[in-house]
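The structure appears below as structure tokens.
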Amino acid sequence: MPRFTPGGELNFIGCLVMLGTSSLFVGLRSYVQIRSKQCGSGADWFCFSSLVIFTAYCAYLLTHILAVPVKGAFAATPSASPEKAESLMKVTFACSIIFINGITLAKLSILAGYKATFAIQRQYRHIIMGLAALCVAWWGCFILVTIFQCNPVQAMWDISDDRKRCLPVWKPLLAAEISNLIIDIMILITPILATWRLNLPAYKKWAVAGIFLGGGLVCASSILRLVSLARFGNEFDDRSKVMFYLTVQFGLAIICGCLLPLHGLFFRRNKGASKSRTSVYDATFREDHVSIPAYKLAGQLKKSKRGGSRMLSLARSWAGHDVRQGEESITPPPAARTNR
């Protein structure tokens, strides 16, 4: 077993724990999909792609840690050899690019799940699509800033080049992290507001909100990384905590993207719910829980021509009509039968 500095050991353990935990949650997500006999959706592919990128990120970081285990993996002190200093700068540069790509896919996975969950509520569809566009714009902006913050690009890790022209090392990282935190908070708040419009028992509302609040852990890790970045004075400071919080934030984002599809493991399906589903997101949110009057919902579906005859028939059944499609009968939920 190699000897690590405290910073190297912290990141070594962090990589293994977060990679193992995020892989477990993605595996459970796949299990729910297989059990529900559903094909992969856009949210699933975003999530799997993010996990693949996170695996590459951890592999690259672990390779660096194991290559320099004794003299320090994340401290480019002036006394360090040029080779080790160059290796550290390359790791910082590469991990930043990998993180921007992977965290964007994780956010898009979460937003795609939200869109499937709150598909009936038009205003939330528009909000979610706006947040997705904001995430893509954030990715495009900071991937370019990160790659071209030095001229030429290789001057980012070639500390011996006196002719290089670079932006201050930590200013782009601070700007990226602050804007990333703001987007995380917006993604966190949006579904919690929508959840309170659902006709769920109070205990289930809190349970569902708890799933969404898991995203608060991502915000917490982002704040801790922001504090670590703000304390940097020069390019020779120890980067161990910054990289550790980056790893934790990346892994937690993937885990949070899996919480919503896994709600079926925690909530039992309604007895009156149809066995036919188009998504693992349907079980809790899209059967009989939307607090929109049935006559308004039916009118919206006719006007927007969304949802097809199946959803229109379901809306009419909520209003108290007995609707049959072929041999399948859609029975109104208990609340609708009571008001008849």
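The backbone N, Cα and C atoms fix where each Cβ goes, and this holds for glycine too.
The feature transmembrane segment is assigned by TrEMBL to 12-32, 44-67, 87-106, 127-149, 169-194, 206-230, 242-267. Here TrEMBL flags 29-265 as domain 'Rhodopsin'.
Taking residue pairs at least 6 apart in sequence, the transmembrane segment (169-194) and the transmembrane segment (242-267) share fewer than three C-beta contacts under 8 angstroms.
The average pLDDT computed over the domain 'Rhodopsin' (29-265) stands at 81.
Tertiary proximity for the transmembrane segment (87-106) is limited to same-chain residues at least six positions away from its ends with a CB under 8 Å from its CB atoms, namely 46-47, 49-50, 53-54, 56-57, 60-61, 64, 67-68, 73-76, 80, 135-136, 138-139, 142-143, 146-147, 156-157, 159, 173, 176, 180, 239, 243, 246, 249-250, 253-254, 256-257. Same-chain neighbours of the transmembrane segment (12-32): 4, 44, 47-48, 51, 54-55, 58, 61-62, 65, 244, 247-248, 250-252, 254-255, 258-259, 261-262, 264-265, 280, counting only residues six or more beyond its ends whose CB sits under 8 Å from a CB of the stretch.
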